[in-house]
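Beneath this line is the structure, given in structure tokens, with notes to follow.
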Amino acid sequence: MRLITLLFILSLMQCACFGCQCRRKRHLQEAFCGSAFVINGKVITDQLKLPIGRELQNSTVPTTPQPPLWKFDRIYDVNVTEVFKVPVNVVLNPGDVIQAVTRAAGSLCGGYLPLDTELTITGGVNDHGQLTFGLCSHTEQGLTSYQLKGLRGGYSCECLTESRSFKKLQCLLNTLPGYNTDCLLKYGVCKKVQNQTCEWEVGIHDACVYNPVIG
């Protein structure tokens, strides 16, 4: 019985360690279309809190033992500098300070935002109206002018930027010869063309599509 219990605990630990897997490459256009909110902001502070509805009965009295880390949320205060996308029922303007919530433990897909850093953040909205993000949510610093143009109205959500080939309307994002993935991530926009298919538009950066990846 003791051995079975130990094996069960070890299996739970293994699930926690490997329970969150993210794709290595994700285009900002895909993140934009799949997210409820997309903003630029500077991270001011962060703190650990129990999720709403699970707070300690008296937070001023130390509890022994303290709840484990995986029970907590990490809450970031973010000074919003630009708003690209929010749900219709959310009012958000540049200059507002909002809270972005994630799980505290990385094993539970908790995300991370560096303090005193301005970056693009994508994510969702929970039942309590809080902005949420996770380990697999797209965050990025130092966007190119092409990416900013896409976020400001250039990204069409009729097309997909997928690495899988079985979807009809898509722009492949992979490392096959003929594609420069890093270039497409920074300069590519997936748009529908006249024959109702989708293809990459890269402006002056033709090397994104026509040059093979070396190495």
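Here the Cβ of each residue, glycine as well, is placed from N, Cα and C on the backbone.
What TrEMBL says about this protein:
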| type | residues | note |
| --- | --- | --- |
| SIGNAL | 1-19 | signal peptide |
| DISULFID | Cys20-Cys109 | disulfide bond |
| BINDING | Cys20 | Zn(2+) binding site |
| DISULFID | Cys22-Cys136 | disulfide bond |
| DISULFID | Cys33-Cys159 | disulfide bond |
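Here the candidates are the disulfide-bonded residues Cys33, Cys109, Cys159. The one whose C-alpha lies nearest to that of Cys22 (disulfide bond) is Cys109. Looking only at other Cβ atoms within 10 Å, the busiest spot among the disulfide-bonded residues Cys20, Cys109, Cys159 turns out to be Cys159. You'll find the Cα of Cys136 (disulfide bond) roughly 7 Å from the Cα of Cys109 (disulfide bond). Scoring each of the disulfide-bonded residues (Cys22, Cys33, Cys136) by how many neighbouring Cβ atoms lie within 10 Å, the top position goes to Cys33. In this structure, the C-alpha atom of Cys159 (disulfide bond) lies 27 angstrom from that of Cys20 (disulfide bond). For Cys33 (disulfide bond) paired with Cys109 (disulfide bond), the C-alpha to C-alpha distance reads 21 Å.
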